[in-house]
Amino acid sequence: MTVWGSRVKRCMGPIVYTAPPDGGWGWVVAVSFFLVEVFTYGVIKSLGIFLQDLMGEFGESNSRVSWIISICVFVMAFTAPLASVMTNRFGFQTVVMIGGLLVSIGTIASGFTKSINEMYITIGLVAGLGYCLTFLPTITLLSQYFSHRRSLVTAVASTGESFSVFALAPAFSALRDCIGWRYTLVVIGALQGIIIICGVLLRPIIIRPGPATEKETDGLADKELKALNTEEEYYSKERDSKLAHRYSLSSGESVNSEVQSLHHQEKEMEKDEETEEKDEKQTQTLSPQKLLDFSMLREGSFICYALFGLFATLGFFAPQLYIIELSVNRGVMRHRAAHMLSAMAFAEIFGRLSIGWVLGRKLFRGRKPLVLLGCVVLLCLVLVAFTLVWEFWGLAVCCGFYGFFIGTVSSTHIPMLAEEDVVGIERMSSAVGLYVFIQSFAGLAGPPLGGVLVDLTQNYGSAFYSCAVGMSLGAVFLGLVRPAKRGLLCCSTTRPQSISYYSVCKSETLHLL
């Protein structure tokens, strides 16, 4: 049983590479991220189809119902540091599986709620925490598997969100008409259980200097990695000794030599383990692992980028939430207005694929923040255009442009943290947690702010004004990221020096040469 347990761990445990493979098991992680996107952000954006049902069922206003999405997004972002700490402590697979279970339970429980306050707990708190524990570890791991193809692969995999809005939202809407909104939520929650399977497939990657060969292991630390090899050697030698034992009995030879050989091998194995433990202790003293690295909060580039995410988040969710009601308010038939979300999602797919292709070109590899800035500025103009059009085709065109540019922004703003102009791949795990945590406050305020403006003005276009203002402020801070990285602002950009395992091995290699 122990041998089989070791084999299972080897099959689904971490993989050691000498450099990001730009492929390999990374393709499996990419597919997993696609499915996670479908059942996290895709479902969140599709909840707008239940807006009228919830208002009628519970007799609540727009702003009160909007708090469901608001609390969910806030919890998802506010608990991001917790997701980083848990991932660094327990690993990607365990955390994502727990998150998938919470998402499924929260959504299913929402179908049996009796008040809007209960939905604040089921979707807002329970499912919101689950969304955080599934999305952030998955995108972090995907970024580690790819280097040159990172932008393209991340963009393609992130189309799961758009696919969910484009294909599943109409399907869920039709299902709601057949079985009601409560049982539709139950079906959605059951489908979200797929996230648990995706979590099992998230094999961590370890980058270590050495020969250009791939090696599979079953532990995260040096001690665990070496212990597996030792365990395999032990069982291999044990099998050989048993075969030799049988042969010796059949030939009438004594088995004392085999027994002594086995004892000798065990003693050597114990000595090797003691040596390995000493080496591991030395490595840990040189490179202590941090569950959460706060050093980037002293860097001007990260502060500016975090403020960009804070304000830009105001423009992420309100359009999907209010576009149907805006269309109906301006004379579009409701059944035709429902196609606005599909048009938005379809264009978003092209936006994600386009930005992935553009950022993968050599011409833009050193200018990625500038490309993102251009997309944010154009997105601001589109948000303003929503308030100026009054008929179906004008709104449809705005939805197309909004979907395209929101696709370019939403698929790149988190992976952009891995770029040296912002933080770098080495500290991305902690950076993602802190960045999304700062975003959480805008995620909490965005949808309710739009709902309050709609209730006060009786005009759904008011929500789009708040999105445009937030996105404009985000563009200002995004434009300051590169100057801050080059020390042109007052904020400190110094990065504390630390001795990593890689640098120690590299220096020792140079010393030997």
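A Cβ is built for glycine as well, from the same backbone N, Cα and C atoms used for every other residue.
In TrEMBL, annotation is done automatically, which means it is predicted and not curated.
Taken from TrEMBL, the feature compositional bias 'Polar residues' covers 248-260.
Per TrEMBL, the feature compositional bias 'Basic and acidic residues' maps to 261-270.
The feature domain 'Major facilitator superfamily (MFS) profile' is assigned by TrEMBL to 26-486.
Sequence annotations record features per position, and here TrEMBL assigns region 'Disordered' to 248-284.
Under the heading transmembrane segment, TrEMBL lists 24-44 (among others). Beyond the transmembrane segment (24-44), the same-chain residues lying 6 or more positions past its ends with a Cβ under 8 Å from any Cβ of the stretch are 15, 17, 69, 72-73, 96, 103, 107, 131, 134-135, 138-139, 141-142, 145-146, 153-154, 156-165, 168, 188, 191-192, 194-195, 198-199, 201-203, 205, 214, 317.
What TrEMBL lists as transmembrane segment is 65-84 (among others).
Positions annotated as transmembrane segment by TrEMBL: 90-112 (among others).
Per TrEMBL, the feature transmembrane segment maps to 119-142 (among others).
Summarising the annotation, TrEMBL assigns transmembrane segment to 181-202 (among others).
Annotation comment: TrEMBL describes 302-324 (among others) as transmembrane segment.
Distant neighbours of the transmembrane segment (336-358): 45-46, 48-49, 151-156, 158-159, 161-166, 169-170, 173, 319-320, 323-324, 327-328, 364, 371, 375, 392, 395-396, 399-408, 410-412; these residues of the same chain sit at least 6 beyond its ends, with a Cβ under 8 Å from one of its Cβ atoms. Among the features that TrEMBL reports, transmembrane segment is placed at 336-358 (among others).
Away from its own ends, the transmembrane segment (370-386) comes close to residues 308, 312, 315, 319, 326, 355, 358-359, 364, 395, 398, 401-402, 405-406, 408-409, 412-413, 416, 461, 464-465, 467-468, 471-472, 474-475, 478-479, 482 of its chain (Cβ-Cβ under 8 Å, at least six residues beyond either end). Residues annotated as transmembrane segment in TrEMBL: 370-386 (among others).
Positions annotated as transmembrane segment by TrEMBL: 392-411 (among others).
Residues or ranges marked as transmembrane segment in TrEMBL: 432-454 (among others).
The annotation transmembrane segment is assigned in TrEMBL to 460-481 (among others).
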Suppose you look only at the domain 'Major facilitator superfamily (MFS) profile' (26-486); what would the mean pLDDT be? 79
Quick one: do the transmembrane segment (65-84) and the transmembrane segment (460-481) reach 3+ CB pairs under 8 Å, ignoring pairs fewer than 6 apart in sequence? no
